[in-house]
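Step one of this worksheet: look at the structure below.
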Amino acid sequence: MSPWQPLLLVLLALGYSFAAPHQRQPTYVVFPRDLKTSNLTDTQLAEDYLYRYGYTRAAQMMGEKQSLRPALLMLQKQLSLPQTGELDSETLKAIRSPRCGVPDVGKFQTFDGDLKWHHHNITYWIQSYTEDLPRDVIDDSFARAFAVWSAVTPLTFTRVYGLEADIVIQFGVAEHGDGYPFDGKDGLLAHAFPPGPGIQGDAHFDDDELWSLGKGAVVPTYFGNANGAPCHFPFTFEGRSYLSCTTDGRNDGKPWCGTTADYDTDRKYGFCPSENLYTEHGNGDGKPCVFPFIFEGHSYSACTTKGRSDGYRWCATTANYDQDKADGFCPTRADVTVTGGNSAGEMCVFPFVFLGKQYSTCTSEGRSDGRLWCATTSNFDADKKWGFCPDQGYSLFLVAAHEFGHALGLDHSSVPEALMYPMYHYHEDSPLHEDDIKGIHHLYGRGSKPDPRPPATTAAEPQPTAPPTMCSTAPPMAYPTGGPTVAPTGAPSPGPTGPPTAGPSEAPTESSTPDDNPCNVDVFDAIADIQGALHFFKDGRYWKFSNHGGNQLQGPFLIARTWPAFPSKLNSAFEDPQPKKIFFFLWAQMWVYTGQSVLGPRSLDKLGLGSEVTLVTGLLPRRGGKALLISRERIWKFDLKSQKVDPQSVTRLDNEFSGVPWNSHNVFQYQDKAYFCHDKYFWRVSFHNRVNQVDHVAYVTYDLLQCP
């Protein structure tokens with residue numbers, strides 16, 4: 001096998017002709033690419049498969065006659081199937097499953113020549129994106145996929161921005177420039193090249209697939225009372241199940257969704273990306289569409305592609321575009337963006353007419369396989385424009401972790417539970433199997449960090465998908481009023497506390513238990529740089545760590561003894577080094593310590609933040625007495641002297657810091673680099689040539705605290 005041949009993760013697309021009833025006569029809907037194997041018998045399908053993946057050729061080289069049996073035996077052995085030599089149901093099922101497209105070499109194997117990287121700091125560049133997921137979800141998925149391998153090896157993975165990267169990541173369709181074309185929906189999922197210069201080491205993903213986190217379309221939410229949590233599909237509202245966002249229960253036309261499985265019980269919701277909520281790009285300052293609007297003398301009551309050659313949907317943000325020239329692009333939503341059909345990438349239009357009947361949701365009518373589809377115009381009967389509604393999709397994280405294993409030099413495993421097993425299968429557990437670890441140790445040796453489980457993610461980041469090559473803009477901060485039924489509840493309050501009666505003092509706690517060791521802490525309440533030392537806060541205590549003059553760890557200390565006016569827990573802390581002010585945040589309240597005096601608690605709305613802001617994730621210092629105040633996925637400029645935010649400065653987190661988790665629970669700056677913490681991990685951001693770049697993803701305890 002040539003080392004230049006890519007590893008192709010393949011799902012054999014089985015096509016069918018599907019019938020729709022119409023006056024007792026079936027109406028056939030012809031689906032592009034569905035007919036690739038529709039006329040093949042099981043034997044013909046097996047012959048094609050065995051030839052494509054090298055089994056037939058290998059059997060011939062062993063002197064076997066033209067017979068399926070020897071090749072089937074080899075296939076069944078490689079895939080750990082019962083070795084019958086027959087084309088039985090289990091073998092056919094495997095043939096129809098997602099898998100890599102090169103000959104299988106066996107477990108613990110690497111490419112011919114034992115190809116590997118000969119340096120340990122591997123760089124990668126995300127050259128292009130899919131519109132199926134928000135960009136920071138994609139960035140996070142790739143970072144977590146690399147973390148799978150860095151956790152068990154001495155390798156580190158650094159994101160860069162340019163072709164000099166060792167691993168270049170891109171999304172493409174069909175023939176995308178490397179001589180190994182993708183073949184549409186449910187065909188080749190991805191491929192990667194073995195380590196080496198040029199195209200070697202690169203990983204490509206088929207953009208005709210639906211990329212998700214493995215549980216269906218990812219739709220972020222805004223506002224509502226779910227703090228930006230993604231939609232949960234299906235969700236129940238008034239006893240009815242919904243597979244996509246809906247306007248039911250509202251009279252303003254703004255689509256919404258439940259963020260748990262049962263809105264009727266949990267009352268958690270958010271608003272879905274919609275032109276009735278905001279627009280992207282353009283010159284309309286993110287304002288929502290105004291319908292109807294006038295363009296070239298014609299009236300439009302919905303987003304349109306008129307006047308554009310690129311197919312992007314847009315609208316005017318005033319009633320008369322001809323007069324005001326104010327416009328924006330209409331957001332897309334993964335839950336109604338179709339795949340396949342003859343309108344891939346377009347959005348379902350509801351309601352639509354099919355065989356004279358009106359449909360307000362995706363339907364399986366007219367199909368014998370039960371797959372859900374929709375029209376992308378209001379009348380399928382007239383326009384014949386359609387596509388498949390989103391399914392569960394493929395986990396970008398899992399596929400990327402598999403592909404990056406190939407990019408590091410690993411071939412396939414014959415252990416079905418291994419990440420490097422040829423077939424795709426979704427699971428939520430730690431993806432690495434002992435088989436994978438043995439293989440990567442064979443190439444690069446052991447790592448120093450335990451627990452190879454990668455950081456978890458909460459499924460989606462609350463940003464809409466942006467068209468490629470365009471920078472995203474923030475939605476307007478004028479909030480919709482009211483939910484489908486009830487208003488959100490407020491954040492918990494810690495209760496008032498009095499000013500300190502004495503100056504801060506520091507003394508370690510008297511007892512010594514395993515809990516006194518910060519290396520035993522899974523997730524800290526907050527981390528902050530105070531007086532040049534990192535302070536790690538947890539459950540009313542804190543530790544100080546400094547690497548000046550060697551690594552020095554002190555504590556634990558009692559928060560109540562050092563800062564008597566403060567509650568025992570906090571969400572974030574920040575020191576303004578010039579006047580030596582320390583800001584503490586707990587939910588919707590803030591305290592400021594200056595020497596021996598304290599100001600607070602003050603509510604966050606006194607800072608100029610809206611009442612919907614109930615958490616400060618952290619502050620990052622900037623010049624001129626300013627800071628960036630971060631609350632989950634949003635950022636404001638904050639004046640440290642007046643202690644006010646600039647309400648016009650609000651923007652999305654990914655506009656400033658691409659690639660960090662939107663749901664970081666703590667953000668701080670240390671030694672001129674920003675740290676975004678999620679779970680037990682941190683994403684480190686360096687500031688280089690005015691570009692904020694994630695340069696390291698690692699463990700808080702092992703890498704920051706230097707725990708053994």
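Numbering starts at 1 and runs along the chain as it is shown here.
Every residue, even glycine, has its Cβ placed from backbone N, Cα and C.
Feature annotation from Swiss-Prot assigns signal peptide to 1-19; the stated evidence is similarity to another entry.
According to Swiss-Prot, the feature motif 'Cysteine switch' maps to 98-105, an assignment based on similarity to another entry.
Feature annotation from Swiss-Prot assigns Zn(2+) 2 binding site to CYS100, HIS402, HIS406, HIS412; the stated evidence is similarity to another entry. HIS402 (Zn(2+) 2 binding site) counts 30 other C-beta atoms within 10 Å of its own C-beta, drawing on all protein chains shown.
Among the features that Swiss-Prot reports, Ca(2+) 1 binding site is placed at ASP132, ASP207, GLU209. The local packing around GLU209 (Ca(2+) 1 binding site), expressed as other Cβ atoms within 10 Å of its Cβ over all shown chains, amounts to 25. In the three-state DSSP scheme, GLU209 (Ca(2+) 1 binding site) is classed as coil.
Residues or ranges marked as Ca(2+) 2 binding site in Swiss-Prot: ASP166, GLY198, GLN200, ASP202. Proximity of ASP166 (Ca(2+) 2 binding site) to non-local residues of its own chain (separation of 6 or more, Cβ distance below 8 Å) is seen for TRP117, ILE122, THR123, TYR124, PRO195, GLY201, given in sequence order. DSSP gives ASP166 (Ca(2+) 2 binding site) a coil state; it is part of no helix or strand.
Taken from Swiss-Prot, the feature Zn(2+) 1 binding site covers HIS176, ASP178, HIS191, HIS204. Other Cβ atoms within 10 Å of the Cβ of HIS176 (Zn(2+) 1 binding site), summed over all protein chains shown, number 17.
Annotated Ca(2+) 3 binding site per Swiss-Prot: ASP183, GLY184, ASP186, LEU188, ASP206, GLU209, in sequence order, evidence recorded as similarity to another entry. Cβ-based neighbour count (10 Å, all protein chains) for LEU188 (Ca(2+) 3 binding site) stands at 25.
Among the features that Swiss-Prot reports, compositional bias 'Low complexity' is placed at 480-490.
Listed in sequence order, the binding-site residues near GLY184 (Ca(2+) 3 binding site) (C-alpha within 10 Å of its C-alpha) are ASP207, GLU209, out of ASP207, GLU209, HIS402. When Cβ atoms from all protein chains are considered, those within 10 Å of GLY198 (Ca(2+) 2 binding site) total 10, not counting its own. Between the C-alpha atoms of GLY198 (Ca(2+) 2 binding site) and ASP178 (Zn(2+) 1 binding site), the distance comes to 11 Å. Each of the binding-site residues ASP178, ASP183, ASP202, ASP207 was scored by the number of other CB atoms within 10 A of its CB, and the lowest score belongs to ASP178.
According to DSSP, ASP132 (Ca(2+) 1 binding site) is assigned to coil rather than to any helix or strand. Mean pLDDT for the motif 'Cysteine switch' (98-105) in this predicted model: 62.
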